[in-house]
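The structure appears below as structure tokens.
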Amino acid sequence: MSGRVLALRNMILAAMFAAIVAVAGQIQIPLPIPITLQTMAVMMAGSVLGSRWGAASMAVFILLVAFGAPLLAGGKGGLAVLAGTTAGYVWSWILAAWLIGFLSERSVRLSVWKLTVYHVLGGMLLIYAGGVFWLVTGVGLGWKEALLTGVLPFIVGDLIKAVVAAFASFGIYRAYPILPSRGKRSSDPGKGPNA
């Protein structure tokens, strides 16, 4: 593939994942604390598109939200949302997609279980860190309250999303190898010599 065609393909895929994150925000699981599928889409953006384009797709998404597009959970958008209670989580999506992509690109034998670990590191721990930091510094909560309200209720759901995103991403790899890899992917989604 020529450089121009490859760049165009990557831009289209980045825009597509920005759209997927937008749609995922409108799918809510009705629990006492509603859960959306947006973080799962962020995980997949990094693992499917790689570090550069995964981060770019999240930057495009956040830019659209900044201009008022109602793309966040519950149809929210605008600068006020990007400075509100959930701002730390949302802004962390760029770095989360980059980290997941970075780890995936450098994996010698990529497997579902490695992807799950990368999703937990980038799609959970990093996003939680950004969210809690903002809840403490920007919103004014104490550390304990920020952890109890901003992390604890979401751990189980996010672990499930990390696993589902890993299986879905691996399925995409097998159907259409998009991610530039520096090693050979395992043919078995659950196993690999270095899994």
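Every residue gets a Cβ built from N, Cα and C, even glycine.
Remember, it's a predicted structure, so these values are computed and weren't measured experimentally.
According to TrEMBL:
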- 12-33: transmembrane segment (TRANSMEM)
- 53-73: transmembrane segment (TRANSMEM)
- 79-103: transmembrane segment (TRANSMEM)
- 115-136: transmembrane segment (TRANSMEM)
- 151-176: transmembrane segment (TRANSMEM)
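Same-chain residues lying 6+ beyond the ends of the transmembrane segment (79-103) with a Cβ under 8 Å from its Cβ atoms: 21, 39, 42-43, 45-47, 49-55, 57-59, 61-62, 65-66, 72, 118-119, 121-123, 126-135, 138-139, 150, 179. Sequence-distant contacts of the transmembrane segment (12-33) (same chain, at least 6 residues past either end, Cβ-Cβ under 8 Å): 40-42, 44-45, 48-49, 53-54, 56-58, 60-61, 64, 69, 71-75, 93, 153-154, 157, 178. For the transmembrane segment (53-73), the list of distant contacts is 10, 13-18, 21-22, 25-26, 28, 34, 36, 38, 42, 45-47, 79, 81-82, 86, 90-91, 93-98, 100-101: same-chain residues at least six beyond its ends, Cβ to Cβ under 8 Å.
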